[in-house]
Amino acid sequence: MTNMRKTHPLFKIINHSFIDLPAPSNISSWWNFGSLLGVCLMVQIITGLFLAMHYTSDTMTAFSSVTHICRDVNYGWLIRYMHANGASMFFICLFLHVGRGLYYGSYTFMETWNIGVLLLFAVMATAFMGYVLPWGQMSFWGATVITNLLSAIPYIGTTLVEWIWGGFSVDKATLTRFFAFHFILPFIIAALAIVHLLFLHETGSNNPTGLNSDADKIPFHPYYTIKDILGILIMFLILMTLVLFFPDMLGDPDNYMPANPLNTPPHIKPEWYFLFAYAILRSIPNKLGGVLALILSILILALMPFLHTSKQRSLMFRPITQILYWILVANLLILTWIGGQPVEHPFIIIGQLASISYFSIILILMPISGIIEDKMLKLYP
């Protein structure tokens, strides 16, 4: 009798995805982040579900309901801080996952990559709306500033903003709809993640060399299941260290003040994971130009397959592009730092230079270096 996991309609899918899946024998720890993102999503959905049992999406009671969760609900403080810091872990894993894809040329799997970009937008939207829910000062003003950006769209902008707000300012209607969207989006993300995996399993995983690994495949279980479990344990160690020892390290103190439409905080800024994009937005004096640059800073990822000029897929054997890649990483760290600084000299000019170099490296320098490296290897006639 054949094994049930190979014949049962449901178990068969799980078997082909996580047990008997042929995987390259040389994928490094950089390939752990896909599974870590899956775990992050599950943690966020579970903690979020328990938070939603006690949260009220009303401007009068939202702030006090979060206080109630932390003070009166059994382990409510733990659930709340796991959810808040879990979002940070989610984005750390996301950035490393995307960075891995850029370094090793995984963007040549077009369908997988494009769904990944869509997932990134969905996660960013979810995180933004989640940040509004506690209804603190930074929640309210963050929502006001970011939604207001849509007013830069010609002709329909103002109408669109008021339609999203559900009134003439960020108010009760806005909070209620943000809660509804914040609740539903993670399930859409989970569905998209399954499609992401579906497309990945059509081609098989990439590997550090960027070469075809069909000749040397190993079963996913036990080799990569045990490797993923180790990654998950390390991630939980970091997450729980944050939650139990430094729960507010990545948050903003202003969010411990209830939202007050009459009092603007001195420095309005989003959570740390949006700061790089926020810095790009602020570095352009024109409102519409800033919004376009903000969207393009993420959407540029979708252009990566078309900007690939080298005959080699991975950066493993491409030292010039490697240097440019690490300059890009440093550049993103500078943008993240600038996004959290006030709009004054010298931060303005640093932000503008970092924004220009961000787009220049991706759109101009990396494609040129790919051609130069091929010429050096005499791959061109």
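Placement of Cβ uses the backbone N, Cα and C atoms for every residue, glycine included.
Here Swiss-Prot flags His83, His182 as heme b b562 binding site, drawing on experimental evidence. Under the DSSP three-state reduction, His83 (heme b b562 binding site) is assigned to helix. Non-local neighbourhood of His83 (heme b b562 binding site): Gln44, Thr47, Gly48, Leu51, each in the same chain, at least six residues away, with C-beta under 8 Å from its C-beta.
Taking Cβ-Cβ distances under 8 Å and a sequence gap of 6 or more within the same chain, the neighbours of His196 (heme b b566 binding site) are Thr112, Ile115, Gly116, Leu119. When secondary structure is read from DSSP and collapsed to three states, His196 (heme b b566 binding site) falls in the helix class. The heme b b566 binding site annotation in Swiss-Prot covers His97, His196.
Marked as ubiquinone binding site by Swiss-Prot: His201. Shown in sequence order, His16, Ser17, Leu21 are the residues of the chain, 6+ apart in sequence, with a C-beta less than 8 angstroms from the C-beta of His201 (ubiquinone binding site). Following the DSSP three-state reduction, the secondary structure of His201 (ubiquinone binding site) is helix.
Here Swiss-Prot flags 28-53 (among others) as transmembrane segment. Counting only same-chain residues 6+ beyond the ends of the transmembrane segment (28-53), those with a CB under 8 A from a CB of the stretch are 69, 79-80, 82-83, 86-87, 89-90, 93-94, 96-97, 100, 103-104, 182-183, 186-187, 189-190, 193, 205, 208, 227-228, 231-232, 235.
Feature annotation from Swiss-Prot assigns transmembrane segment to 82-107 (among others); the stated evidence is experimental evidence. Long-range neighbours of the transmembrane segment (82-107) within the same chain, counting only residues 6 or more positions beyond its ends whose Cβ lies under 8 Å from a Cβ of the stretch, are 30-31, 33-34, 36-37, 40-41, 43-44, 47-48, 51, 113, 116, 120, 123, 127, 130, 206-208, 210, 235, 238-239, 242-243, 247, 250-251, 271-273, 301, 304-305, 308, 312-316, 325, 329.
Residues or ranges marked as transmembrane segment in Swiss-Prot: 112-130 (among others). For the transmembrane segment (112-130), same-chain residues at least 6 beyond its ends with a Cβ under 8 Å from one of its own Cβ atoms are 87, 90-91, 94, 98, 101, 106, 142, 146, 178-179, 181-182, 185-186, 188-189, 192-193, 195-196, 199-200, 203, 270-271, 273-274, 298-299, 301-302, 304-305.
As annotated by Swiss-Prot, transmembrane segment applies to 180-200 (among others), with the evidence given as experimental evidence.
According to Swiss-Prot, the transmembrane segment annotation covers 224-246 (among others). When Cβ-Cβ distances below 8 Å are used as the criterion, the transmembrane segment (224-246) is approached by residues 18, 23, 27, 29, 32-33, 35-36, 39-40, 78, 81-82, 85-86, 88-89, 93 of the same chain, each at least six residues removed from its ends.
Taken from Swiss-Prot, the feature transmembrane segment covers 289-307 (among others). Residues 98, 102, 107-108, 110, 113-114, 117, 120-121, 124, 149-150, 152-153, 276-278, 280-283, 355, 358-359, 362-363, 366-367 of the same chain, all 6+ positions outside the transmembrane segment (289-307), place their C-beta atoms under 8 angstroms from a C-beta of that stretch.
According to Swiss-Prot, the transmembrane segment annotation covers 319-339 (among others), on the basis of experimental evidence.
The transmembrane segment annotation in Swiss-Prot covers 349-370 (among others), and the record cites experimental evidence as its basis.
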(message) Applying a 10 Å Cβ distance cut-off over all chains shown, what neighbour count does His97 (heme b b566 binding site) have?
(response) 20
(request) Go through the chain and flag residues at least 6 beyond the ends of the transmembrane segment (349-370) whose CB is under 8 A from any CB in it; none is fine as an answer. (result) 279-280, 282-284, 293, 296-297, 300, 303-304, 307-310, 318, 320-321, 324-325, 327-328, 331-332, 334-335, 338-339
(message) To the nearest Å, how far is the Cα of His97 (heme b b566 binding site) from the Cα of His182 (heme b b562 binding site)?
(response) 23
(message) Give me the count of other Cβ atoms within 10 A of the Cβ belonging to His182 (heme b b562 binding site).
(response) 21
(message) Through the lens of DSSP with three states only, how would you label His182 (heme b b562 binding site)?
(response) helix
